[in-house]
Amino acid sequence: MIPVSLVVVVVGGWTVVYLTDLVLKSSVYFKHSYEDWLESNGLSISPFHIRWQTAVFNRAFYSWGRRKARMLYQWFNFGMVFGVIAMFSSFFLLGKTLMQTLAQMMADSPSSYSSSSSSSSSSSSSSSSSSSSSSSSSLHNEQVLQVVVPGINLPVNQLTYFFAAVLISGVVHEIGHGIAAIREQVRFNGFGIFLFIIYPGAFVDLFTTHLQLISPVQQLRIFCAGIWHNFVLALLGILALVLLPVILLPFYYTGVGVLITEVAEDSPAIGPRGLFVGDLVTHLQDCPVTNVQDWNECLDTIAYEPQIGYCISASTLQQLSFPVRAYKRLDGSTECCNNHSLTDVCFSYRNNFNKRLHTCLPARKAVEATQVCRTNKDCKKSSSSSFCIIPSLETHTRLIKVKHPPQIDMLYVGHPLHLHYTVSITSFIPRFNFLSIDLPVVVETFVKYLISLSGALAIVNAVPCFALDGQWILNSFLDATLTSVIGDNDVKDLIGFFILLGGSVLLAANVTLGLWMVTAR
């Protein structure tokens, strides 16, 4: 949930700004000087909205717009083609996203949920917590577009990345419009930045009369320039992300494991034998981990495959086991240990007569320095008198052996997703002690936000929807293509209106259902 303190600060801050503005504008003594100050600085204030416009950058914009005219002509021609394709493709993309959302809503109905409580401990043998998990159908839902709500599906500690990426994407978008307008001989009045509640953005002020006088194709180059620049920025971000290991090679190396950068206070991985900042994880069970992608894939495999077992000799099994009374849990699994034990785990195995038995064993002694297995046959390769013991845990709970040498292995008992969400990692390991382990994470996270938000700005703005770039792209496109075919402007305008209406309804449906999906959970 959104922290109450954040809401109070935002609402309180805007209240102070608006009331101060109102008092100064109502004051007999300060009214004229205050309004003159606002006008001279290009500032305007309204409820939850502040806007700043300046002509300081006009010289720079004109310099960029008049440099290498032929190259810019080709550049914005590419942008025009991209914009038209993106406008029509956005219908397909929004339609697909809407269908995915509806399918997810059906999958997330009450009948599709299953939950189980899981406990874990990180004292002498494992890490401890309790929680519940839902059906896996919603975990693998990947959508190109998703509604983002700060504090709900956007972590509060990543708001800085989010808003910085939003501002940069907006500035690049408007720079595209500004340069294209100057290239097409449209007067450029100024550039500005605004803040709406907590969302920053940018804008350019163009002379409307000039825009109306130029040809539809010239208008298309201007209107498509913003989303074209956002698309290029996203591509550059992807390139930077791919080349990041090479760029940071003199200072950081990769490919040997993942480095722990943060462990949440409520993480089940916290404990005397848990994970610590600076630990290098090399394996999850028998799954080798060389980078972040391996870590995620290993956790996915562990989560969606049956619990793996461990080979143990008959003599060790006899030595460690003791008489137990097995009973069924509510989810149908079997328990045979004291519920309050932090070191013992219930294991199941088949004896030489293929009869399933259960025994309570000290987890660390039972699984330490043993090979993994699925059946007794996997253990016969090393010793004829060995059994494959499998932890008898609740439905979504797993026992995971986390190798982080030179420390002793961590034994984690719980849902793999809890390990995923409460432990922060990086693939970059510093070559020198004075280097920060957080720097690559900061750079990588910011670039990912920049790619996502710049790409999203390109897609959403291309939608033929009222008040978005897509509206003006569509109008200019219809003027350029249908004027010679349809002589009646009213018919052409009617076609444009229905396309805009369809795009607006489609976008509104995606946003509404997306918000409902995010906030209703």
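Counting begins at 1 with the first residue displayed.
Note that Cβ sites are derived from N, Cα and C of the backbone, with glycine treated the same way.
According to Swiss-Prot, the feature active site maps to GLU174, an assignment based on sequence analysis. Around GLU174 (active site), the same-chain residues six or more apart in sequence whose CB sits under 8 Å from its CB are PHE191, ALA202, PHE203, VAL204, GLY226, listed in sequence order. In the three-state DSSP scheme, GLU174 (active site) is classed as helix.
Feature annotation from Swiss-Prot assigns Zn(2+) binding site to HIS173, HIS177; the stated evidence is sequence analysis. Sequence-distant contacts of HIS173 (Zn(2+) binding site), defined by Cβ-Cβ distance under 8 angstroms and a gap of at least six in the same chain, are ALA202, GLY226, ILE227, HIS229, ASN230, LEU457, ASN461.
As annotated by Swiss-Prot, N-linked glycosylation site applies to ASN339.
According to Swiss-Prot, the region 'Disordered' annotation covers 113-137.
For 25-74 (among others), the entry in Swiss-Prot reads topological domain 'Lumenal', with the evidence type similarity to another entry. For the topological domain 'Lumenal' (25-74), residue counts in helix, strand and coil come to 27 helix, 10 strand, 13 coil, using DSSP.
Residues or ranges marked as topological domain 'Lumenal' by Swiss-Prot: 108-146 (among others).
Confidence across the topological domain 'Lumenal' (254-448), taken as the mean pLDDT and rounded to a whole number, stands at 89. Annotation comment: Swiss-Prot describes 254-448 (among others) as topological domain 'Lumenal'.
According to Swiss-Prot, the feature topological domain 'Lumenal' maps to 479-494 (among others).
Only residues 6 or more beyond the boundaries of the topological domain 'Cytoplasmic' (516-521), in the same chain, are considered here, and those with a CB under 8 A from a CB of the stretch are 101, 104-105, 108, 147, 149, 152-153. The topological domain 'Cytoplasmic' feature in Swiss-Prot is assigned to 516-521.
Remote same-chain partners of the transmembrane segment (4-24), defined as residues 6 or more beyond its termini with a Cβ less than 8 Å from a stretch Cβ, comprise 30-31, 34, 45-48, 50, 151, 156, 197-198. What Swiss-Prot lists as transmembrane segment is 4-24 (among others), and the listing cites sequence analysis.
Counting only same-chain residues 6+ beyond the ends of the transmembrane segment (75-95), those with a CB under 8 A from a CB of the stretch are 144-145, 176, 180, 183, 217, 220-221, 223-225, 227-229, 231, 458-460, 462-464, 470, 473-474, 477, 502-503, 506-507, 510. The feature transmembrane segment is assigned by Swiss-Prot to 75-95 (among others), with sequence analysis given as support.
The transmembrane segment annotation in Swiss-Prot covers 96-107 (among others).
The transmembrane segment feature in Swiss-Prot is assigned to 147-171 (among others); the stated evidence is sequence analysis. Using a Cβ-Cβ cut-off under 8 Å and counting only residues 6 or more beyond its ends in the same chain, the transmembrane segment (147-171) has close neighbours at 1-3, 6, 193, 198-202, 230, 233, 445-446, 449-450, 452-454, 457, 510-511, 514-515, 517-519.
As annotated by Swiss-Prot, transmembrane segment applies to 176-188 (among others).
Tertiary neighbourhood of the transmembrane segment (189-211): same-chain residues 10, 14, 42, 48-55, 57-58, 61, 150, 163, 166-167, 170-171, 173-174, 177-178, 181, 219, 222, selected by CB-CB distance under 8 Å and a gap of 6+ residues from either end. Under the heading transmembrane segment, Swiss-Prot lists 189-211 (among others), citing sequence analysis as support.
Within its own chain, the transmembrane segment (231-253) is flanked in space by residues 82, 86, 168-169, 172, 427-432, 435, 440, 443-444, 447-448, 450-451, 454-455, 458, which lie at least six positions past its ends and keep a Cβ under 8 Å from the stretch. Summarising the annotation, Swiss-Prot assigns transmembrane segment to 231-253 (among others).
Residues 83-84, 87, 90, 216-217, 219-220, 223-224, 226-227, 460-461, 492, 495-496, 499-500, 503 of the same chain, all 6+ positions outside the transmembrane segment (467-478), place their C-beta atoms under 8 angstroms from a C-beta of that stretch. Nonlocal intrachain contacts for the topological domain 'Lumenal' (479-494), taken as residues 6+ away from its ends with a CB within less than 8 angstroms of a stretch CB, comprise 215-217, 219-220. For the topological domain 'Lumenal' (479-494), DSSP puts the residue distribution at 10 helix, 0 strand, 6 coil. Of all the Cβ atoms in the protein chains shown, 25 others lie within 10 Å of the Cβ of HIS177 (Zn(2+) binding site).
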